[in-house]
């Protein structure tokens, strides 16, 4: 059942996950305009970073138009209500990067690991608490392990000092029952004061539904983005989620019309590739592939004359996870070899 008096913590990810949709190319002016609208609308936090987190700007993930610190400082400078959040993936970002992000204005950090690798977050979570940051554990690709094992990983993050732990559906592969099971498992083992969060992707068109089910099972924080701006088919669209929550009489604290206008007038025109469910983004959810593989896969498909759908399905079969972007080309070359072998056999 829903507690309609409980305030939903609304966490916007347009300026972090949304980076993937435009290959990390937001200008400072665009970032500030989006942040201002979100702040006026009443969201609680605005995550700002390269799509792959602090120091994600690289050959492997793609170079950003600006540094993380430039984006963070620009956004922090204009906010009156919302707090600046950022993302850190241990192994990409370091505690030194986190300290600089804090100095630039970030006050919340989500420390993200693969769903079975919470142990690598210890140093970063402890340091974030030392800085006095609101510290969140972020268990990516949560569909790839059982609810019980995911809850055990959440307990580890909690033991390191995480004040909130997220179910992160990076592949957009979870359905409502999967989400319910994971939040039930979290509540069974986490301390009552430890908050929980839901980060949905819309690859099976379930981003909003999964977020609502998470709330039904005690979730405290919901990630969403304007127009769903994010990797793959995007995240739960913020304006749709808030409109739904509003119709249900839930306490969200946001202005629906301001979000709808910002989505349509500011964010949608920036999309060079529509953020939607289509053949390729559906393949992500269907095969359970990391959503940010989408743009890299489409480049490889074009280069080698292959179907992006076929590459994504094969990546899913091989259970590739975030950080293995280099395997996209390997898979493409294997598919090319198979195709050539079939062609040779036909003669």
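From the backbone N, Cα and C atoms, a Cβ is placed for every residue, glycine too.
The feature domain 'Pyruvate carboxyltransferase' is assigned by Swiss-Prot to 8-260. Per Swiss-Prot, site 'Transition state stabilizer' is recorded for 16. Taken from Swiss-Prot, the feature substrate binding site applies to 16, 17, 170, 199, 290. The annotation Mn(2+) binding site is assigned in Swiss-Prot to 17, 199, 201 on the grounds of sequence analysis. Annotated active site, proton acceptor per Swiss-Prot: 20, in sequence order.
Same-chain residues that are not part of 16, 17, 170, 199, 290 yet have a Cβ within 8 Å of the Cβ center of the substrate site turn out to be 13, 20, 51, 140, 168, 201, 230, 231, 235, 291, 292. Taking only the Cα positions, the spacing between residue 201 (Mn(2+) binding site) and the residue listed as 'active site, proton acceptor' is 13 angstrom. The Mn(2+) site, placed at the center of the C-beta atoms of 17, 199, 201, has further neighbours from the same chain whose C-beta lies within 8 angstroms: 13, 168, 169, 170, 172, 200, 223, 225, 230, 231, 234, 235, 236, 291.
Residues 16, 17, 170, 199, 290, recorded as binding substrate, reach a greatest CA to CA spacing of 15 Å. Cα separation, residue 199 (substrate binding site) to residue 16 (site 'Transition state stabilizer'), rounded: 13 Å. In the three-state DSSP reading, residue 290 (substrate binding site) counts as coil. The Cβ of the residue listed as 'active site, proton acceptor' lies under 8 Å from the Cβ of 51, 230, 231, 232, 291, 292, 294, 295, each on the same chain and at least six residues away in sequence.
Cβ neighbours within 10 Å of residue 17 (substrate binding site), excluding its own Cβ and spanning all shown chains: 28. The secondary structure of residue 20 (active site, proton acceptor), as reduced to three states from DSSP, is helical. Annotation for residue 16 (site 'Transition state stabilizer'): spatial neighbours 47, 48, 49, 50, 51, 53, 85, 86, 87, criterion Cβ-Cβ under 8 Å with sequence separation of six or more. In the three-state DSSP classification, residue 170 (substrate binding site) falls within coil. When secondary structure is read from DSSP and collapsed to three states, residue 201 (Mn(2+) binding site) falls in the strand class.
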